[in-house]
Amino acid sequence: MSRSPYLSSAPSVSVIMLKVLLALLPGIATYVWVYGGGILISLALATLTALLAEAAVLRLRQRPVLPFLMDGSAIVTAWLLALALPPLAPWWLVVVGTLFAIVVAKQLYGGLGYNPFNPAMIGYAALLISFPVLMTQWPSPLELAKVSLSFTDQWHYIFMRSLPLGVPVDAISSATPLDYLKTQLILQQPISDISNTPIFGWLGGRGSELVALAYLLGGIYLLQQRIISWHIPLAFLATLTLLSGTFHLFAPGLYASPQFHLFSGAAMLCAFFIATDPVSGPTTPLAKLVFAAGIGVLTYVIRVFGAYPDGIAFAVILMNMCVPLLDAYTQPRVFGHEK
Amino acid sequence: MGQYRDIVEHGLWKQNPGTMQLLGLCPTLAVTSTAVNGLSLGLATALVMAASNAAVAPVRRYVPDEIRIPVFILVIAALVTIIDLSMNAFVHPLYVVLGIFIPLIVTNCIVLARVEAFAAKNPITPSALDGLMMGLGLTLVLTLLGAVRELVGKGTVLSGIDLVFGAEAKAWVLQLIPDYPGFLLAILPPGAFIGLGLLIATHNWLEQRRLAKASMQAALPVAQSH
């Protein structure tokens, strides 16, 4: 029984960030189960780089280092970036991406609360346009791989780029479902044939759909804890479903089903963890709906009609640019004031 | 002599066109993918600026105020045409690389800005010096930006020097980082914006330090006299 006055205080930044990290844990656990422990190395590398970079820039900017480090926002950025990268990416790719996200996209704009773009997505986009080959080289889920690497093998591959004797790169990597779908559609294969290949599961890609489901679970936890509001996830997922559903309904041989789009790529991670970033996203409820719907439309357009297999990063960055405008035009009427 | 010193100091540092006036951004951002490109276009621009300032200064009293801009542009365009044709003749490979950006020097606002702001009000010698120094200031920024983008993007310095000095100059290219995977972002347009932003920040930081030092030195004798 608490005592009056019954004022609810907003949770501090560190509590919010801690809960976001907690909500990512089921996703990470599933990730390890599906792809092996390599992702843990990426996560650790990204976290370490983010904290060091943040501390160095804060020192340069003559700001208090420890309070800003303890708020956990750098760790959230690092984790989101590491989870978006291919799990067996070389170590320097993770380090460069995290450095770019923290130093350029976050601290150069003024640090937490001032960055107009989602730092993790800027880091991802910078890597994608700079190193397209490495960024599209995804390992197969363990159950599908011709040769499954042990944790030490993955460690060697991440740091030394060396595989066990006699194992070619092709044996451990494969096209992601989104990538495969795109190249096969160009070859004019019907969807029904394409999705019969073993890399497709019952929702999205085999293995990766489980990770997406785990993200969904974490997202529901965040909603229940009121860390994020329902507007952005719902509007994003609804738009993506509506668009892909319409196209799928009229030409099921040419356009993949809505559940495939929802559970492939980074859609679930985006819906609950990336698009819901409170700093680079809008604040009014209506603006949140428009913002998330815009990300949904852009993601679908880039995935289906664009050159890249997935479009989450670019969609989020493009909609981040619209946030000041959206917020300005959707200010709710203040009580007692005329419209 | 103090006047000339001021002109040099303003052109190269205090009012540097690239980092302080932020004029002539189009070539600054577009051609600085290598140090050689930046240096070449910078020198071409500096030459045009010195010549156009020197050409406008003597006729400044006879040009009616109402039509001065078209007259200045015509003078600049004539000079750029000379540079354009000469580069086509003497350094053809470089001419092909720089392409449209050589004729575009006509529309580069820093050229017209110096003619309008300086040559239209000053005699011929200071005007020519002002054009040259502003041009060299811009060249400095273009070269530096080109070098940084090239180093980060490709791990080399002076690549493309063979376009200026012929095929044997290919050996002068410095591969500073062996087996560099390349960081394409630095070569692409975002790299130019980020690089220029960092250069401006460096300029401001150095200037602030200089001012702080100067004010400390100025304060010192006063403090001792008390």
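Even glycines carry a Cβ here, placed using N, Cα and C.
Remember, TrEMBL labels are computer predictions, not curated facts.
What TrEMBL lists as transmembrane segment is A:12-33, A:39-58, A:65-85, A:91-109, A:121-140, A:199-223, A:230-250, A:256-274, A:286-305, A:311-329. Marked as FMN phosphoryl threonine by TrEMBL: A:THR176.
For the transmembrane segment (A:121-140), same-chain residues at least 6 beyond its ends with a Cβ under 8 Å from one of its own Cβ atoms are 35-36, 38, 77, 81, 84-90, 93, 96-98, 100-102, 104-105, 146, 169, 172-176, 179, 199, 274, 308-309, 312-314, 316-317, 320. Between the transmembrane segment (A:12-33) and the stretches A:39-58, A:91-109, A:199-223, A:230-250, A:311-329, it is A:199-223 that has the most C-beta pairs under 8 angstroms.
Within the same chain, residues at least 6 positions away in sequence whose Cβ sits under 8 Å from that of the residue listed as 'FMN phosphoryl threonine' are A:THR136, A:TRP138, A:ILE199, A:GLY205, A:SER208, A:SER264, A:GLY265, A:PRO309, A:ASP310. A contact between the transmembrane segment (A:286-305) and the transmembrane segment (A:91-109) is absent, since fewer than 3 of their C-beta pairs, 6 or more residues apart, lie under 8 Å. Taking Cβ pairs closer than 8 Å, the transmembrane segment (A:230-250) reaches residues 219, 223, 256-258, 260-262, 267, 270-272, 275-276, 281, 285, 288-293, 295-297, 299-300, 304 in its own chain, all 6 or more past its ends. Cβ atoms under 8 Å from those of the transmembrane segment (A:311-329) belong to residues 84, 116-118, 121-122, 124-125, 128, 265-267, 269-270, 274-275, 280-284, 287, 290-291, 294-296, 298-303 of the same chain, restricted to positions at least 6 beyond its ends. At the 8 Å Cβ cutoff, the transmembrane segment (A:256-274) and the transmembrane segment (A:91-109) share fewer than 3 close pairs (sequence separation 6 or more) and do not count as touching.
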